[in-house]
Every structure is written in structure tokens, then in C-alpha cells.
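Here the structure comes first, spelled out in C-alpha cells, and everything after it is commentary.
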Amino acid sequence: MVCGGFACSKNALCALNVVYMLVSLLLIGVAAWGKGLGLVSSIHIIGGVIAVGVFLLLIAVAGLVGAVNHHQVLLFFYMIILGLVFIFQFVISCSCLAINRSKQADVINASWWVMSNKTRDELERSFDCCGLFNLTTLYQQDYDFCTAICKSQSPTCQMCGEKFLKYSDEALKILGGVGLFFSFTEILGVWLAMRFRNLKDPRANPSAFL
């Protein structure tokens, strides 16, 4: 049977949703693993990652059930939701690739001062740095309370802002690239669902509508 047929479209849509399910379970597992090992203490970060994983899992399950049963309503809502996710993810991915170091520094600086003291302390110890940028009157206060190892090994510690900028630049490029890749898989999912939804099941009653 040619790949444009009913069976091939069904199998392709099922395979795509199985991949989405694996990715969602991976997100949930990594978040739980990070929390269990104490790598990330912020419940907001953990909750956000798990929420994204659960949302993706629900979409994948809906798409898989719709594909297996050729369910018109499920496939319709699957297309709509996946299309909206594509638009949102495409915009975010392009923003990640377009943001410059100056904007990154502004975001890091704004985020730093809304963090709790515990979170800042954990970041300083994890990255072995003290303070953010030596541009504010609070930098010296941060430096005085810093518990990073570098403080006891050398007269001065590298500023956390410099390290954050280095890692954030790399992370944004990776996130933007991966996000764009998944954006195009979502467009593929919308196209497959639309095509499959309009195909007639060869096993169905010939007189039935679709």
C-alpha cells in the first residue's frame, strides 16, 4: 500500500504520538529525578516541567486514541491544540535564538533579585561563584554571605553573572534549535491528523460518511 493510504497515515500518526509520549514521560522522569537528588529545590521549576510533561502526554494520548479509533472529534481537537502549541513554541524558539547578551543580562539580573536567598546560595555553590554583576550596591552584600568554595581558595571569586551568561547563551541556542525541530514535528502531526481524518476507513460501512 502506498504511504498516502489509510493504514500508512494511521501508523505514522500513531508513531508520532508514541514519540510525544516518550518525550513527555522523559520530562516528568527528569523532573522527579532532579527533585529526588536535590539538584533543583525550586518547586515552581519542578512543577512547571512536570506540567509541561503531563500536558504533552495528554495531547499524545488523545492523538493516539484518535488515530487508533479514527475518532473524528478527538482528531479535530488534537489538530486545533497541536496547531496552537506549534504557534506558541515557534515564537518562543525564535525568541530564544534572537535574544542577545544584553537582553540575557537584563533577564538574569531581574531573575536574580526575585529568587529566595536559599536559591541564590544554591546557585553560587553549584556554579562556584559569588554575587551576580558588580554593578549594584547589593553585590558586596551578596559576596559577604557567599558560601562558594572559591571564596576560601582565592582572594576573589568569579561573578555568577559571567558564568550564567556563558551557559545561558549555549542553553538558549540549544533550546531554540530543539524547539524549532519539535515545532516542525507538530506541523507534521497537524497535517497527518488532517489527512487521516479525511480518509475513509476501508473496513467501515461503504455507505457511511467518512
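Positions of Cβ are set from backbone N, Cα and C atoms, glycine also.
Relative to the membrane, N11 and T156 are listed by Swiss-Prot as lying on separate sides.
Secondary structure of the topological domain 'Extracellular' (94-173), assigned with DSSP and counted as helix (H, G, I), strand (E, B) and coil, comes to 52 helix, 0 strand, 28 coil. If you count neighbouring Cβ atoms within 10 Å for each of the glycosylation sites N100, N109, N117, the highest count belongs to N109. Counting C-beta pairs under 8 angstroms (sequence separation of 6 or more), the transmembrane segment (73-93) fails to reach the transmembrane segment (13-33), with fewer than 3 such pairs. Sequence-distant contacts of the topological domain 'Cytoplasmic' (66-72) (same chain, at least 6 residues past either end, Cβ-Cβ under 8 Å): 10, 13-14, 17, 78, 193, 196-197, 201, 210. Note: the CA-CA distance between N100 (N-linked glycosylation site) and N117 (N-linked glycosylation site) rounds to 28 Å.
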